[in-house]
Amino acid sequence: MTTYLEFIEQNEERDGVRFSWNVWPSSRLEATRMVVPVAALFTPLKERPDLPPIQYEPVLCSRTTCRAVLNPLCQVDYRAKLWACNFCYQRNQFPPTYAGISELSQPVELLPQFSSIEYVVLRGPQMPLIFLYVVDTCIEDEDLQALKESMQMSLSLLPPTALVGLITFGRMVQVHELGCEGISKSYVFRGTKDLSAKQLQVGKNGNAQPILLWTIFLQPVQKIDMNLTDLLGELQRDPWPVPQGKRPLRSSGVALSIAVGLLEVVMMKIWF
């Protein structure tokens, strides 16, 4: 019999995802008491030979504040052709193309083994893939060297038109410009001050000039591959001294916040 831990590990291996918690908080009060927030580490482009791409649009929850996607955890009424969202509990009508579904003839997105699905979506503007590397420099020199070699390998496998960016963090956070030739330039942020996407868009002192112009931090890999390779070669271990018996001070939260904010700025510029 499979234990709960084995069940979680099987799901992590299958879907390439790992959560900080494997259960949802049962109330708002419980959520506020969480020392570590609910978060997920997801493996993009994870190879799944058993996962064929789906050639139609995903079915979304009708509640405008939810818009979750139909999945194996949703409750389904096959007779009434209704499904209940497992996030907001909204009851939704299946589209007409699902008229023939039944308990014996389920769509792929309701099968337990397909908890991850790749949809081929034809609508909307065609935008390049974005790969934003967020690198921890508070590691041993050998580990850092191995990490740089792995990153260089991954860069060689990216599509030429993919946009790439680089953020490094130790006690401080550095967002690197990738379009500079012959000189390394970066924006440095304190690890003790969080920045939201709105602050990155508004800029200092409330003026219209954003702190981070995403076009200088995200560039096509075919354009800056040599610059980025040189920049990776120059990366060094975080220089801040670490007291005896203490762990290095890492700005992980601020680095991730800036990364998310930068990507939100990109999406707003592209889609709106």
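Glycine residues also receive a Cβ, built from the backbone N, Cα and C atoms like all the rest.
Listed features, source TrEMBL:
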| type | residues | note |
| --- | --- | --- |
| DOMAIN | 58-98 | domain 'Zinc finger Sec23/Sec24-type' |
| DOMAIN | 126-266 | domain 'Sec23/Sec24 trunk' |
For the domain 'Zinc finger Sec23/Sec24-type' (58-98), distant same-chain residues with Cβ under 8 A (at least six beyond the ends): 107, 109-112, 114-115, 117, 119, 121
DSSP helix/strand/coil residue counts for the domain 'Zinc finger Sec23/Sec24-type' (58-98): 3 helix, 11 strand, 27 coil
